[in-house]
Structure formats: structure tokens, C-alpha cells
């Protein structure tokens, strides 16, 4: 046998050692199995990195040719990915998923290439999750969720049925995620010419969110100019271009500024006052090979990801007569102005005397924030995520609006007109007196001008461009000019945003919006003492788990009892009371979604029934089981529930767990499944969520799939302010519930996606 044959046999033998199932390619599991057997240093992350480096085709397998390059090239950087790849998804019943998905250079997820469609503004990417089948999926964000999926570890154009998510629907009286197999849907690799890619780039792109103190990036139109094979975009208002830069730019060896041919290419989009490869950049995107600026990720200086939209050109036509200092689209005309709510600093809170404030019309803000340049009052309907608090002390109001927004038609009934008004004049019906069984309603008339800074409202935020929360906030501010004690408002129409400084409660806001009064208080479910715990199994005791390095102190024996000193996430700092193990340290209360320690302190519940409008309370003790049954009734009956935090834990300790003292939360749901009692809450900020057990990213969800399904996790891994908490943790952290009976036809179904 010749030397060549021996070499071939050696290579084949090495390849076969990896290719355990003899399919002619090396899978990720086969690669990982052998590498881990060779050295324990090969963890999952290192294996994924190796696979992504060697797998030039991006099919999740190592073919013989790729194996040869891996073996015979000492430097993995010597071989690069091939030409620009593109996959076309077509035939899907959801038209917002069909389109060309182009390779995003330098972006990977689960070790595989990521593809982006400028038309749909969605990603096509590979997802590998522990205990779940490998799949390709489409979603606007790179995370666990999916709008459609193909179960395969190979390329996305592999044979097999695509399954499409049609949202949360009412099936047999139960909320269920509806997934349907679509045999007509397909994904195929296509060869696109640069001309086709340029033609497919959107004619108009718009970025409405704040970019530092410069304001929104604004509206850019595609020009006829081509630079580096990509279209050039231009903003009439900012006088800035967006164009594609290939070369690395910097100071050269001879001291001059220019392209650095010996460096890696930049391959990114940037903004500047003229188009030139070597010019500076006011801002720039991440690396991409896409033919549109929105195929890349843009971030603010604070790391916030900026979202681009692609407006319909018919909704933002160019102005016939261009003002060189204005946006190149027809302006929103001046609206009606309320003489009783002047557009000046006196109408804002006292510390807001800021000359940078500018009063802008909600109609214009909505048009610019909606994504399609259409002003909207309620959009496709109200939802809890609409109520996001701004820079003023009215979390109680936002929490109240958030809860009412669950119910179709309730808030809409307060408004006239019920569509976005070009005139900008709104009449909002509110209850100003609710005493002794008597209710008195009044109509508050407001304009739609709002105080703004850097192009955004400083108070209630706009969610999906909806105006109603900011306008309702303004109307209530105007109404609250009198004594709001004991359900009475002296309405004179002279209130301002400063009215919110005197504080409020959720139930007070609900009374203003529903005319209802009369409530029941449940609590406190505990005393002011720290809880005592019992270990349910042997637990490792460590030093402070919040530190970068921890030290093991021993093992706390099963059955041992401990006194809580402090809590951090799912860990308890303790002093031992009885049993075996160290006298003090930290132990977990949860491990992978399993309770390993329980509270044994018994704190009595009480029900406080207030005498109507007299402020006196008749306290009665009640059993915890009865309280839990009532909580599930509150959810079923659509009752309005106000909750507040305990003062047992310090504000600093609570803040570490994502909870805020002196802050209103919206109580949303209470369910029980597989022995787990779960409570759902929402922070009216629309962010800053609970970080303890069962937080959005906790392993508990995957460890308890039935609980995850029952909670339907439409907010899974999303920073929207909505979070779940186990009932035992809820009753320990929240001191009381105030309940107002409220009946509506049914709760609105959330049609968000889930993966």
C-alpha cells in the first residue's frame, strides 16, 4: 500500500472515529462526545465554538471537506465562510414571515449563522435548548420564542414540515397557543445578485426612539446613489447620510488617516454628513453583509437596541415644498390648545423647570412611534403593557390603568372621540365623587400637547404608538386639583402634573375610571419578623453567592431548621437553630425549579372589611387556604386587586431582587398547577422585574413544563415588567391586598407569540 493510500486511510479512520453513526458527517453530539472523552476542559460553549468555526456551510454538521480543512490548517482563521448566503421563505399563511433572509456577518446564535429579512424585520436562526429538539425558527428577536419552526439540526432548507404559531386563542374555553403545520410553506437557498438585494432594500426607514441628546435618528429615504454595492440613504431634516463602509479606517504608519488594507474589513453601516469610506462616523451599526441599514443592530451609548421601522411610502409622502430645516414629509398641523392647561413649566412638576422641554402633539408623537406613520389612539386594543410610567410619581395610576387595560372596551368607553383626532381635542369621562353610594361623573376636556424632551414624552410613554395612556394621565392630572380624600374631588379644571406629587392608590384611580367604590383588604399575611426555614434535603452551605468567588463551608443536613437573616435571589442567609451543619452561611431555597427548603413560620391572615366611607375596619382572622381560593376567584371574576410590599426586608435588599418599596404593582393572575401556586404581577415601569425564583430566565420553567404551559408565558424572557412569583414567596414579600369587585364580559386574549 502506497504512502498516499496510507494517508487516506489515516484521515478516513480519524473521520470515522468522530462519525459514530457512520452517516458521512459529524454531528454536534458526536463531536462533543469525543472531545469530552479526550479532555474534561471541553464544555458545551467550547464545543459550540469549535463547531461554528469548522462548520463552513452552516448546516450544523462537519462534512469530510470541512474536516480536512480543520485537520490540515493550523490557524482556523485561514478559512472563512463562503459567499453571501440567502434563504427565501415562501408559502406561509402568515405573510409577515415570507421574505429573503440574508446572512448577518459576525452574528451567531447557538453556534450557527443568523439570517435577517429587511422586509419582515425578523431573524431566521437556529435554536438548541436542553431537553428540546433542535430547530430553525423565525422571530423579531434572537431568543427562545418562535413565530414558526422547522425541527432539524441541518440547514433551514432541509425537508420537513414547517409549523406556524397563530397566537394565543380561546379553544374550548381555555387559552391555548395554536400551532399549525403548513405543507405549502418552504425555505430554499437562493442566489441573489447585488442589484436584486439593493432593489429589495426598503425605500424608507425610520428610527423613532431617542439616540442620546441628538433625538431620534429619524426618517431616511433611499437615494439613487450606490456606494460599496449598497444603496445610500439620506435624511432631509438631519442632513445626514447612512451608507455602507467596508474598509477599516484609522491612523496609518505614515501618520495619515485613511483605509487600513491589512486590517479586517468593517462591513458596517454608518451615519455622517457626506459619503466617503474614510470619513468619521456619528454612529454606526454592528457588522453585517445586509443591503439595508436595518439588517444590522444599532445601539445607543447606553447599550439600548434601536428598533427601525419601514413605513409605507404612501403614508409619508415627500413634501411638495421642502423646508430645509424640517423633516421631508407633511407636518402635523397645530391642534386645539386648552387654555386651562398652559404649555409651560408651571403645568409640570416643580423640578421640571427645564428649558429643553418642548410641548409636542400626541398625534405627531403617535405617528412617529407607531411604525407605520399612522396616529393611533388605542391601536389594536388596550393591553397591560401600554401603561408605562414616566418621570413622575404616579406608579399607582399606571398600575391601575395596566389592570383595566386587560378588559376590552372599558377604557375606550371613557373617551370621545374614540379615534386619533387631528384637531387634538378630547373629552374624557371621569368620576369625581364616589361617596356614600353616590357617584358623580364629569367630562374633562384636554388638548393633546405633551411635555417632551429629546423628542419623547417625559411622562407616560407610548407603547406601539398608542396615545390613550398619556392622554388619560393628563386628564386625571387636570382633575386632581382638589381634596381627593374620602372619595371627593373639588373639580375646578385647574390641576397640573404636579397634582401627582400628593400620591394616590390603585383603588382611588379605579374609582375615577369605573365609578365603583367599596373594597376589602386582605392582610397582613405575616408579622415583621424574619421567617424560619427547614431544609428538605442536604444543602451545600457557601459564603455570599452574590460575590464572584464563593467558598464551601459544609453541608446543612436535611431537616435542619434555620433563622433567616437575609434573602438574595433564591438563596437564604441563615443562622442555624437545630440540626447538623455549619452555624451560619448561605443555602439555596430552589435548585433547578425544585424547592429544597421551605418556610415553617406561620403568619396569620386577616380580612379587613371597611365600613363604607367611614375609614373604620372590622378585622377578622382567616385561614390561608381560604385566602388562596379567594385569590383564584379574583382572577376568575376579574376583580381589581391592589398590592403593596412588606417592610420586613430593607429597600436595598428588595431592590437586589428587583422589587421596589413605596411602589404600586398590578396584580394580574393567580393559578394552581401540579401543586405550584403562582401569582402574576406587573411593574408599571414596563421593566425592572422580580429576579428571585421563577423569574423570566429561571430554570424552573423548563423543569416544570406544565406550570410554564399554564402560565402561557407570553412574557417569557421579555423585559416588559410582567413576572410570576410562587405564592409562598408572594405572601412573604407583599404585605396586603386591596380588592375592588369589578365585572366585565371577559378578559382580552393576548395574541403575542411564544416559542
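Every residue, even glycine, has its Cβ placed from backbone N, Cα and C.
Since this is a predicted model, take the numbers as computed values, not measurements.
Marked as domain 'EF-hand' by TrEMBL: 6-41 (among others).
Residues annotated as domain 'EF-hand' in TrEMBL: 42-77 (among others).
Annotation source TrEMBL lists region 'Disordered' at 317-350.
As annotated by TrEMBL, domain 'Calpain catalytic' applies to 335-743.
Listed in sequence order, 389, 663, 664, 684, 685 are the same-chain residues six or more apart from residue 395 (active site) with CB atoms under 8 A from its CB. The active site annotation in TrEMBL covers 395 (among others).
Summarising the annotation, TrEMBL assigns active site to 663 (among others).
Taking all protein chains in view, 26 other C-beta atoms sit within 10 angstroms of the C-beta of residue 683 (active site). According to TrEMBL, the active site annotation covers 683 (among others).
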To what whole number does the mean pLDDT across the domain 'EF-hand' (42-77) round? 63
Among all the protein chains here, how many other CB atoms are within 10 A of the CB of residue 663 (active site)? 19
